[in-house]
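S.K.: I am attaching a structure below and will ask some questions about it afterwards.
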Amino acid sequence: MRWFYSTNHKDIGTLYMLFGIWCGMVGTGLSLLIRLELGTSGTLTDDHFYNVIVTAHAFVMIFFMVMPIMIGGFGNWMVPLLIGAPDMSFPRMNNMSFWLLPPAFILLICSSMVEGGAGTGWTVYPPLSSSLAHSGASVDLAIFSLHLAGMSSILGAINFITTIFNMRSPGMTMERVSLFVWSILVTVFLLLLSLPVLAGAITMLLTDRNFNTSFFDPAGGGDPILYQHLFWFFGHPEVYILILPGFGMISHILGNSAMKQPFGTLGMIYAMISIGILGFIVWAHHMFTVGMDVDTRAYFTAATMIIAIPTGIKVFSWLMTIYGSKVQYTASMYWVLGFIFLFTLGGLTGIVLSNSSLDIMLHDTYYVVAHFHYVLSMGAVFAIFAGFNFWFPVMTGLILHERLAKAQFVVMFIAVNMTFFPQHFLGLAGMPRRYSDYPDSYFMWNQLSSYGSLMSVFAVLLFVLIVWEAFLSQRSLLFVDATLYSREWSDGYFPPDFHSNIYQSYITI
């Protein structure tokens, strides 16, 4: 029962990790279904069911895999350790913000089971999501699921902000705090500011569907484009919410593996804050095709390109950290290097898409799918694997099998590239997103992509095997490498005590 009412940040972080990993398996299964459908021409199921799977895949991966693992799992576990706090600021609220997630997930699963399921895409645009096109309760259940997940995130965000601002050890100033803690801080501010807008938009959609209002119905003087503006005002900060903790983890692991402080720490902090602020003023680049004014499109093109500058600062700072260092090529370092390379590639396709004139042609094609999967599937997910490999000894006191972990990286690296690189070609050839069938001219790249997807499932299974093997063989961490400069290793015994590091303070030299 202690897991149900535990208020210890380590227990709650572990719960988040387990929940996120489990949902990650569900999301991976859904993605395999998508790729099996597209692996051959002809259809396995009908178009609506295909769209239900696509929608569920997106929601599960974003709200129930990446966010719980990165912010809930690594955030809860590491932030108190890194700032020298005994626990989070509001431990019971922390417990509640986790236990809101399983009901949210159950609601999402139920939404695909009632009527025909919610086949709207993750953006839930009206009029497709209106009562006219989706008459059953499925979209309503999906909306309630999002409400619960959003409440969970907002409670967690308040908790992290108060913890980081008020519970640092004496002498632990904000300049000394790890970049991972900074990334969580920026992320939770984004969550706190953007989620209420999403909640407003989907509540308006709920009343449109059930109470005959017409916020998004032109027949009653509403405008479906209003929904798009509200949704993307949340949706764009959301993609930075997914990647910023990854940035922090990469900086943290890189600093430890290169045995020195990350290059340009202050610049890194300012870059993250800039990305956070700019993320709020570029939302309409998702809507270049809705008939906006040319001046508006020019502004959003320029603003989107400016985000590339702080992102570039981060990439070059990572490269400068590696440059001239004696890097320890551990499994977590492999993931970090893979992250830097593939995230940069995804960023380059993002620059292409930020041009409104090009985006008119590429909008809703597989080029966009390839872009955001390079950033998420090889950015966020690679960062999660890097963090898991790096912090596994802190969380369990055991060590993973190093050679197997490296082999798993190689398999995964080949698999995800094989899955998503061909999709750039499909997009340039004009294959649209969210369709379950396609002309035979697209067959070759789709088949290659589906083989890659199958291979990535094997990579995930290999990961499960590695974790299982680590618990089975019980290789304890005997001593901590003296070159690991960061706070969470300083206790010297793992996992750390129930309330560790209560009496530690920092001396200015």
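Quick reminder: no glycine exception, Cβ is built from N, Cα and C everywhere.
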S.K.: Out of His236, His371, which is the one Swiss-Prot records at the Cu cation site of His285, His286?
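M.R.: Checking His236, His371 against Swiss-Prot: the Cu cation site match is His236.
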S.K.: Using a 10 Å radius around each Cβ and counting other Cβ atoms from all shown chains, which of the binding-site residues Glu37, Asp364 yields the largest count?
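M.R.: Most Cβ neighbours within 10 Å: Glu37.
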S.K.: Taking only the Cα atoms, work out how far His373 (Fe(II)-heme a binding site) lies from Tyr240 (O2 binding site), in Å, as a whole number.
M.R.: 14
S.K.: Counting distance between Cα atoms, which of the binding-site residues Glu37, Gly42, His286, His371 is nearest His363 (Mg(2+) binding site)?
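M.R.: Going through Glu37, Gly42, His286, His371 one by one, the closest to His363 (Mg(2+) binding site) is His286.
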S.K.: Excluding His236, His285, His286, which residues of the same chain place their Cβ within 8 Å of the centroid of the Cβ atoms of the recorded Cu cation site?
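M.R.: Along the chain, the qualifying residues are Trp232, Gly235, Val282, Trp283, Ala284, Met287, Phe300, Thr304.
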S.K.: To the nearest whole angstrom, what is the C-alpha distance linking His57 (Fe(II)-heme a binding site) and His286 (Cu cation binding site)?
M.R.: 20
